[in-house]
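What TrEMBL lists as active site, proton acceptor is GLU424. Residues annotated as FAD binding site in TrEMBL: THR138, GLY177. Under the heading domain 'Acyl-coenzyme A oxidase N-terminal', TrEMBL lists 17-132. Feature annotation from TrEMBL assigns domain 'Acyl-CoA oxidase C-alpha1' to 278-439. Under the heading domain 'Acyl-CoA oxidase C-terminal', TrEMBL lists 479-656.
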Amino acid sequence: MEGVDHLAFERNKAQFDVDAMKIVWAGSSHALEVSDRMSRLVASDPAFRKDNRAMLGRKELFKNTLRKAAYALKRIIELRLSEEEASMLRSFVDEPAFTDLHWGMFVPAIKGQGTEEQLKKWLPLAQKMQIIGCYAQTELGHGSNVQGLETTVTFDPKTDEFVIHSPTLTSSKWWPGGLGKISTHAVVYGRLITDGQDHGVHGFIVQLRSLDDHLPLPGITVGDIGMKFGNGAYNTMDNGVLRFDHVRIPRDQMLMRVSRVTREGKYVQSNVPRQLVYGTMVYVRQTIVSDASTALSRAVCIATRYSAVRRQFGATGGNPESQVIDYKTQQARLFPLLASAYAFRFVGEWLKWLYTDVMTRLQANDFSTLPEAHACTAGLKSLTTSATSDGIEECRKLCGGHGYLCSSGLPELFAVYVPTCTYEGDNIVLLLQVARHLMKTISQLGSGKKPVGTVAYMGRVEQLMESRSDVQKAEDWLNPSAVLGAFEARAARKSVACAKNLSKFSNPEEGFLELSNDLVEAARAHCQLIVVSKFIDKLQQDIPGKGVKQLLEVLCSIYALFHLHKHLGDFLSTGCITSKQGSLANDQLRSLYSQVRPNAIGLVDAFNYTDHYLSSILGRYDGNVYPKLYEEAWKDPLNDSVIPDGFQEYIRPMLKQQLRNARL
Ligand SMILES: CCCCC/C=C\C/C=C\C/C=C\CC/C=C/C(=O)SCCNC(=O)CCNC(=O)[C@H](O)C(C)(C)COP(=O)(O)OP(=O)(O)OC[C@H]1O[C@@H](n2cnc3c(N)ncnc32)[C@H](O)[C@@H]1OP(=O)(O)O
Ligand SMILES: Cc1cc2nc3c(=O)[nH]c(=O)nc-3n(C[C@H](O)[C@H](O)[C@H](O)COP(=O)(O)OP(=O)(O)OC[C@H]3O[C@@H](n4cnc5c(N)ncnc54)[C@H](O)[C@@H]3O)c2cc1C
């Protein structure tokens, strides 16, 4: 039944203004208008088709990505799109490509670490795509431990050049996206050596391939590292390997904002902290948090629409079977993910604000909020990407067997998304950075240094160690101060317990290693507190639209109480709440799920995704799932012929032989 809205009866149930919620989700009316226009532009252009990716071999898949990237740039120029529109258009093309690294890391690395002259020279070339760049940091032997990188960059005062060299196999650059086949340039990270002295890791702009014939320049060995997880998926990206054999670059290609080398070969540090060399990672981690809300909301949109279409059991008196979305177990798995998508949206918005604020301060040589920015971006990147990866997989299971079909869109989304838990910092390594920040904050409490920002609650640690929740009935858990009180007390107590245990070690680094599991848990509790508190802060704003704020309050309570229930052991063992209060939270959760139920389709419609972007038969806007699944099956190349290739060659003789054996 083409053209029929099978989900209309669900849409009619919504008790809130879906259009107003679309604006909240997009961030502003302007952002909604731009994203709506760009997503439709991409969806209506057959050149951006992506429904056959899983069927393509690597070469064809990759060539197709290059075609789309070149075509996207052509359209951006023809339509004179702004930077904001262009970036939206690229994101709706929805295919990992070398351009992600060019725009997402190469350009920001130059912007963040280059001097004024370097910006003037390199940015116009990169912005007009006259050169294509990538971010070459990780090596075969070292990724997480950046200080362990082995590539050497030695200054030669005779020629005023740096000599870049890969001294070992493990020093080969390994992983950078866009490096394998396309990038003409890279920001390469290596150990700076002047006059025999090692100054640690710094960034350098290096040309890799000729701008005439695209061949690698002398001394450079470069190629793709091979197929990755999942068909299609991330294999549209040319993650690469790179080796240098004494490659020379001019001295002015060292990114010199943080420190520089003079003509005489003198190493000079500016007044900015050395950690700014890691600035591009901080920038990207911040963007990854907002992207987590996008990826999770896509999966949730698919699973929610399909759960309203899918019926199993419960047919009585001529009525149809029950919609699976009405099962409490389905709601208890799905609605916390829906709430998480909204929670990550708002914490992502806040993180963007924090990052912009830190950047403004840096311009004025105020570096005081850098540790907070590092801890928040690292911790929230870790928390949101782990939850999103698990959430996408849960959505696949929520769709039963059909979720396993590529046409559900979920396998590809999962395969593309999961490396987010590893790239831009392994999620455990990043939580350990948060834990260091927490332990440092606690150790400084006695010195009178007042903790600020997201660790401000540590300033009330004595009170938080004693506090008891005063929740008496289930509805009391709807009170934001009850929720915040419990999450703050849990986070503070877990951190303080770690600090106490650490103090028993004579060597703090040894203690840190020994207690790292507990430290990771403390960091996670702290990050969950940030998400909960930023959701609550969002609700203090004026949010127009019938029923919009009320529904967001419901989602905020679901996010918090779901985690309270999931980590009940933490809350009970630290004594923040009683087991009775824990079970009241669970009662309240059930009631909240019932409030979401009639609004579930409206809440996922508010993401405003086109069918092209979702790329999922199960998540179709019109809910017309079964005829389309049936149709899609016949498009599989195996169904091109009735008798498949290989049958006559292998199976027919085998059958014949078996029949002959049986007759003997
Ligand atoms: C269906 C289709 C969908 C389509 C989807 C479309 C697109 C998706 C496609 C692409 C996505 C785009 C790109 C992905 C590309 C990925 C790129 C990368 O992965 S780049 C490489 C990233 N690498 C890492 O993240 C490495 C992680 N390691 C580190 O960051 C550091 O080594 C680590 C762990 C922080 C430790 O550093 P180290 O120098 O040893 O530090 P210490 O622990 O000793 O700490 C010293 C002090 O420095 C502070 N610090 C550390 N980092 C920072 C920082 N970044 N900023 C500020 N401060 C920092 C630390 O807190 C210590 O401070 P104190 O001395 O304690 O005060
Ligand atoms: C798809 C993809 C794209 C990428 N793109 C780029 C790119 O464009 N440019 C680039 O430079 N790099 C890129 N990378 C590399 C990426 O940044 C690294 O893989 C990442 O930082 C993790 O480092 P690793 O691989 O060395 O992991 P490892 O550090 O070797 O991790 C292995 C295991 O050890 C654990 N571990 C490591 N250290 C500790 C510790 N101190 N304490 C406790 N446990 C620890 C980890 O938790 C993990 O379980 C990409 C990677 C992927 C998968």
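Just so you know, glycine gets a Cβ as well, placed from its N, Cα and C.
Known features from TrEMBL, placed on the structure.
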residue: THR138; record: FAD binding site; Cβ contacts under 8 Å, 6 or more apart: LYS173, TRP174, TRP175, PRO176
residue: GLY177; record: FAD binding site; Cβ contacts under 8 Å, 6 or more apart: PRO96, PHE98, ASP100, LEU101, CYS134, TYR135, MET237, ASP238, ASN239, GLY240
residue: GLU424; record: active site, proton acceptor; Cβ contacts under 8 Å, 6 or more apart: MET281, VAL284, ARG285, ILE288, LYS381
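Residue counts for the domain 'Acyl-coenzyme A oxidase N-terminal' (17-132) under DSSP, split into helix (H, G, I), strand (E, B) and coil, are 90 helix, 0 strand, 26 coil.
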